[in-house]
Amino acid sequence: MVWMTFPPVINMYLVKSEGPKLVPFFKATCVYFVLWLPTSSPSWFSALIKCLPIFCLWVFLLAHGINFLVSHRSASRILAGLIFSAVGDAFLIWQEQGYFIHGLLMFAITHILYSSAFGMKPLDLKAGLLMGVVSSSCYAFLYSYLSGPFTYLVAVYIALIGFMGWRAVAGVQLCNDLWTWTKLSACVGAMLFMVSDLTIALNKFCFPVPYSRFIIMATYYAAQMLIALSAVETRDEEDFRKRS
């Protein structure tokens, strides 16, 4: 009843509770954009700088306690997804040296983990149909530019991220007023992840996208932060009730 009666109060509490824990993430993101290391000379240092914001999101989730992660499977799966994301980021630093597929595989696993974290309830077939149409349209556009194993790999990857997007969107039941700020966070995060990956695909396989690196990384970091935030709903609701 507290959650349904005083949502604005809870939202303010959640902002105050989670905001300070995200400060390292924002600082690490600023470091990445300020240094803006050239992609033409990949190194372990550039990999560290690129992955640092994701490392900070690991810490953000771990700050809620190991017991919380163990007892809430969705949170632990999102943490696992962030771990695979960081490995994928590192592989993509050396994508021109033949590690693009390795990065693609790591992010495919990430989307499977995120889909599992978001769950299958509510099902919302309309949202699934919409995401299916969007995903199919994206692949249909990319298809003529693809060749070799990428013809199949990109199809599988788009299916996985489209499924992840469906499960995130399905959690936001605005019409029935059955939504929370964390479910909305997951939804927006999933959409931004799709924008980031679509920009990567267009830039790599189709044509140069102006400011592609900025678009890719800005939407990617925002997506990961929002998805990480979606993992903390249960813990913060419980904390608020205890304080009330």
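Including glycine, each Cβ sits where the backbone N, Cα and C put it.
Those TrEMBL annotations? Automatic predictions, nothing curated.
As recorded in TrEMBL:
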| type | residues | note |
| --- | --- | --- |
| TRANSMEM | 44-63 | transmembrane segment |
| TRANSMEM | 75-94 | transmembrane segment |
| TRANSMEM | 100-120 | transmembrane segment |
| TRANSMEM | 127-146 | transmembrane segment |
| TRANSMEM | 152-169 | transmembrane segment |
| TRANSMEM | 181-202 | transmembrane segment |
| TRANSMEM | 214-232 | transmembrane segment |
(message) Restricting to CB pairs under 8 Å, which listed stretch, 75-94, 152-169, 181-202, 214-232, is in contact most with the transmembrane segment (44-63)?
(response) 75-94
(message) Tell me if the transmembrane segment (100-120) touches the transmembrane segment (127-146). I count contact as 3 or more CB pairs below 8 A, with pairs 6 or more residues apart.
(response) no
(message) Could you check whether the transmembrane segment (75-94) packs against the transmembrane segment (152-169) - three or more CB pairs closer than 8 Å, residues at least 6 apart in sequence?
(response) no
